[in-house]
There are 2 protein chains.
Amino acid sequence: MNQLRWDPTLREWVAYATHRQDRTFLPPAEYCPLDPTKPGGFPTEVPRESYDIVVFENKFPSFSPNAAEAGGVGDPQMTVAPGRGVCEVVLYSQDHDSTLAGMPEGRIRNLVHVWADRYEELGALDFVEYVFIFENKGEAIGVTLHHPHGQIYAYPFVPPRPKKELEAARDYRAENGGSCLHCDLLAGELDDGRRVVVEGEHFAAFVPYHAHFPYEAHVYARRCAPSIADLEAPERRDLARVLKRLLVGYDKLFGFSLPYMMVMHQAPTDGGDHAGVAHFHVEFYPPNRTADKLKYLAGSETGAGAYIVDALPEETAGKLREAVGAAR
Amino acid sequence: MNQLRWDPTLREWVAYATHRQDRTFLPPAEYCPLDPTKPGGFPTEVPRESYDIVVFENKFPSFSPNAAEAGGVGDPQMTVAPGRGVCEVVLYSQDHDSTLAGMPEGRIRNLVHVWADRYEELGALDFVEYVFIFENKGEAIGVTLHHPHGQIYAYPFVPPRPKKELEAARDYRAENGGSCLHCDLLAGELDDGRRVVVEGEHFAAFVPYHAHFPYEAHVYARRCAPSIADLEAPERRDLARVLKRLLVGYDKLFGFSLPYMMVMHQAPTDGGDHAGVAHFHVEFYPPNRTADKLKYLAGSETGAGAYIVDALPEETAGKLREAVGAAR
């Protein structure tokens, strides 16, 4: 069952996917459903003895292309819609114990091509309005499978956070003679320099001045490219290089493989009123505030939407820069 | 150091409080800083041998009344302000091992009076725009002290989530001949009945049609009272009664003391453009999706703002109603 319900108090959709309750939960490594299928072994999600990078539809999807029409409920306050969309799993490698940070730059570059391809193909579906590419990494984030993988949600609506960001960028453009909010932010960060972590030829990574997590980092395209699919070959190469350097730094920071959420914000594919304002970027939110303490999204963050951060971006960027081994 | 920085991409304030890194973290029970001070023992936060209910300023506050002016940074994108506000701790009882659910109704009623008092006193401060009363309960939510207590954040701004709710209610009122969104929602829930959990004389608890967490419950005032301070004596009594019944049900649900966030949404105290639209209510977000599995706010929720829920409100409300022992 994939259903959307409208929350009239926050004016946003909430997605219900009841079959997800039964999803595979931290199986022992020898039963990993994301490994290749061994000869004579149990059938995994990938019916092959080896693979490079694989994309397939999530078996326990939050949205489904065939979601049934939901019956109305009569009450005008209670609006329902089918949870129509696509949820894909992206297997980064057949090596169960690897992580994105440990992969060769060439493999990350191939992943950039895969992400760009999925953005275009899923975005072209008429019921898809936003293609959201992300990775949840680590048990602290709630991952249920350790095999290195990311996910793609092709939503039937522009989700609240990118929507807010697009609206801010649209208004900024109108009020600032057509300037891009993200281009100006990036210029300010590079000019200030204190929060910059990695400077590539086409991409730069920094802890934003207004970070919501202590070790949050954003990876911005220097050129105002609206989506990952719009990146030229040299830009894709540099994105892979900058991601790799940042990720290696994350793992050096506390001396262990750092959990994080990685999310990509880019242009909606709905052809709607957000056209011409998106600026492709990747955001990382590691939950750790120290090596052994996590930042929880509790009462203030969840119930009030107000983030409290116990470290200044200038300090955390300095530590990250050191971990990355970048001179400044 | 208490500082606010403006995020121009989400158009919201982020609060920085660097001294919070050193806050007391899950001390052994015999060193609980929220217990009464025992004769000859170490001095706790409460310099008395016994107490009933105590309110004091948080030693590691996210906002402080004396926050220093922050120096500007030159860049017009980077806006900073002092993190001026008040953070209070509300000790529910001197009994270290008790919980709100286990307290007599009379004590909860006294807490309602305390909350109302704090709302009025903090709301009257000229730098306070919103008084947010909440409780983080359980290690799953990230609590650092087990002693039964809640918190109050008196923010120098109307925080994003209540702001969104107030704007929705304001627009609803304008579009629906002056009707209150929350009154109409409550009428719809009571009329439908499938998601109602507790019905009191002046308050009702239900799992909203558009719940963001499987066992989320909202406790609405039947009368359109803007804040907890506006409640009459019989309403305060009934609020305590309905809270108690819901909380006892929560603990029966899985047979253990259920973690949750409890947050109160009510009128801002800024005298601003949200006047006349608030409807006092309490929201509970338990993180459990089953007895042993938690709902994480990961990529989709945090990076896209889109909530995925794996149980329908009608089902979870039925289980909660059974736990509460309410006939329907």
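Here the Cβ of each residue, glycine as well, is placed from N, Cα and C on the backbone.
TrEMBL has this to say about the protein:
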DOMAIN    A:5-159  domain 'Galactose-1-phosphate uridyl transferase N-terminal'
ACT_SITE  A:His149  active site, tele-UMP-histidine intermediate
DOMAIN    A:167-302  domain 'Galactose-1-phosphate uridyl transferase C-terminal'
Tally of DSSP helical, extended and coil residues in the domain 'Galactose-1-phosphate uridyl transferase C-terminal' (A:167-302):
49 helix, 26 strand, 61 coil
Would you count the other CB atoms within 10 A of the CB of A:His149 (active site, tele-UMP-histidine intermediate), including those on all shown protein chains?
19
Per-residue pLDDT averaged over the domain 'Galactose-1-phosphate uridyl transferase N-terminal' (A:5-159) comes to what?
92
